[in-house]
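S.K.: One structure, as structure tokens, below. Some questions next.
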Amino acid sequence: MEREEKDSKSNSSKISRLLWHGGSVYDAWFSCASNQVAQVLLTLPYSFSQLGMVSGIVFQLFYGIMGSWTAYLITALYVEYRTRKEREKVDFRNHVIQWFEVLDGLLGKHWRNLGLFFNCTFLLFGSVIQLIACASNIYYINDNLDKRTWTYIFGACCATTVFIPSFHNYRIWSFLGLIMTTYTAWYMTIASLIHGQVEGVTHSGPTTLVLYFTGATNILYTFGGHAVTVEIMHAMWKPQKFKMIYLIATLYVLTLTLPSASAVYWAFGDMLLTHSNALSLLPRTGFRDIAVILMLIHQFITFGFACTPLYFVWEKFVGVHETKSLFKRALVRLPVVIPIWFLAIIFPFFGPINSTVGSLLVSFTVYIIPALAHMVTFASATARENAIERPPSILGGWVGSYSMNIFVVVWVLVVGFGLGGWASMLNFIHQINTFGLFAKCYQCPPHKT
């Protein structure tokens, strides 16, 4: 009898480890690939209508490469920080290292404060966007309730992510999430090709600079999903193996985003300018309903991905981060969800909000700050000589690294933050003037009587 009980506990433990306790290279890859595109998959055709087909494809490839480079920089800085601390006998067993702590340890409190502000603000609005997307998507299955009411409902559902302790515990969710985005992307591609071009379709983009740079910053946002890189790395058993994972994840994501955005734009053209959610134009079928449901589940997962680092920051501020009580940590985390819920109700602008967040927050969080931090950290000859992770010789070593970092900073500052910020803010203000704050049902078609 005792042996049976032990065997039962052993089997239960194995199942728990299989589904719940991730930390391998594969877990990290699933997390990166699953987290990189969520609701933005549905808005990329909208960006193509603003940019035109050629620019849309070029910007996806360009920002995919740039995002992979800055993710590598974050990786190098994390490994440098952790190695230095472990040499000082610092124990991280009950502590999750975060990006602002890496900046603090390597560059001091001013860099820490800068990283903390931009990272937390971006992740806050990243969570807001997932909540807005939930309401936008479910409306295409059930329009008996308006989008604002759906936002209330899904806000309560997403609050349950407070019970997921860390990125270790997203193993099964990351795996399922990637299946969901893969299905949705290929559904959009195939359904658009089968549907064919609508009568009188036009492809006039780009028509204005405002629309052009708004579309470009949405793609900047798309490939800026590595704000949680440090937390994903810390959840790995061997974080040193992370450095190529984000690039491979990006290459896979491009096989989803390029065909789907191109096919939907080819089929519907300029109609997408007033339909930021591509699912709103595709005919209602069982396949579309499956895509909607899968994206809803995926947005719940991505909400957790974006919110978990915020939970960690709040836990550290309150002083319960290292406690082993899951219930106590969950209770402390709940206040983090409230402002996210509120902001999703104020700004329900699915699509335009992506570009605004991309230009004002993503540009600094995952492009400019990592590039600058890497250059300052290894500015001295001694630091470069003792670096744990040296730049690949195929890219020109330190000279190549600094050249790429300077290019990233200048390009993103001028094009992403400057021109992108100008364009996306004008578009965002236009949405406010057209629909108003607290819009009850953003871009909803009129009900048939």
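Cβ atoms are placed via backbone N, Cα and C, with glycine included.
These figures come from a predicted structure and were not determined experimentally.
Sharing the record's features from TrEMBL:
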DOMAIN    21-411  domain 'Amino acid transporter transmembrane'
TRANSMEM  57-79  transmembrane segment
TRANSMEM  116-138  transmembrane segment
TRANSMEM  150-168  transmembrane segment
TRANSMEM  175-198  transmembrane segment
TRANSMEM  210-233  transmembrane segment
TRANSMEM  245-268  transmembrane segment
TRANSMEM  290-314  transmembrane segment
TRANSMEM  334-353  transmembrane segment
TRANSMEM  359-381  transmembrane segment
TRANSMEM  402-423  transmembrane segment
S.K.: With pairs 6 or more apart in sequence, are the transmembrane segment (334-353) and the transmembrane segment (290-314) linked by at least 3 Cβ pairs under 8 Å?
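M.R.: These two stretches do touch.
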S.K.: I'd like to know if the transmembrane segment (175-198) touches the transmembrane segment (150-168) in this structure, counting it as a touch only when three or more C-beta pairs sit under 8 Å and are separated by 6 or more positions.
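M.R.: No, the transmembrane segment (150-168) and the transmembrane segment (175-198) are not in contact.
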S.K.: Assess whether the transmembrane segment (116-138) lies in contact with the transmembrane segment (57-79), where contact requires at least three Cβ pairs under 8 Å among residues 6 or more apart in sequence.
M.R.: no
